[in-house]
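Record features (Swiss-Prot):
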type	residues	note
ACT_SITE	Asp8	active site
ACT_SITE	Glu68	active site
ACT_SITE	Asp140	active site
BINDING	Asp8, Asp140	Mg(2+) 1 binding site
BINDING	Glu68	Mg(2+) 2 binding site
Amino acid sequence: MTLILGIDPGSRITGYGIVRDTGRGGCIYVASGCIRTGAGELHERLQIVYRGVREIIQTYGPVTMGIEKVFMAKNADSALKLGQARGAAIVAGAEESLEIAEYTATQVKQAVVGTGAANKEQVQMMVMHMLKLTSKPQIDASDALAIAICHAHTRSSLLPHGLGTARSRGGRLRL
């Protein structure tokens with residue numbers, strides 16, 4: 001049973017979620033939460049994201065990580081900051097030798113809810129149902145858990161077909 005880390009990156013709040021892939025199409029909740037960076041300088045916030053993700057990896061020991069791709073925001077500055085936070089999380093995962101896969105928000109919603117047009121509340125409710133949670137996780141943590149679930153489902157559909165792991169392709173799997 002593989003431990004999977006899901007990351008919902010943000011320059012102020014980065015959600016994380018860890019699930020155990022049962023290998024039978026299901027996942028078991030392990031942990032979730034948010035890395036909050038406050039309102040400091042961007043380089044300080046990126047350092048907090050990097051250190052926070054690295055600490056989570058060292059604490060729980062996941063072997064693979066799914067992370068959300070950057071979407072095109074109306075505000076270019078916000079998209080750039082989001083991309084930088086993503087980069088900090090990816091470097092933390094790479095330094096800990098995790099295989100890393102990237103997913104669009106639409107792919108995650110499709111995998112968890114069944115439609116790429118789902119809203120955050122629908123994703124949150126399906127995450128609660130799939131992981132048998134008794135209370136609502138924070139939205140950013142819920143999104144990260146959804147990314148981890150998406151990664152578990154994608155891995156299980158790819159790996160049996162002889163496509164290998166992301167590691168065999170240089171550490172990053174783009175889907």
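Cβ coordinates are placed from backbone N, Cα and C, and glycine is handled just like the others.
Each of the active-site residues Asp8, Asp140 was scored by other CB atoms within 10 A of its CB, and the lowest score goes to Asp140. Packing around Glu68 (active site) is summarised by its Cβ count: 25 other Cβ atoms lie within 10 angstroms of its Cβ, all protein chains included. A separation of roughly 6 Å, to the nearest angstrom, links the Cα atoms of Asp8 (active site) and Glu68 (active site).
Looking at Glu68 (active site) and Asp140 (active site), their Cα atoms lie 12 Å from each other. DSSP assigns Asp8 (active site) to a strand segment in the three-state reduction.
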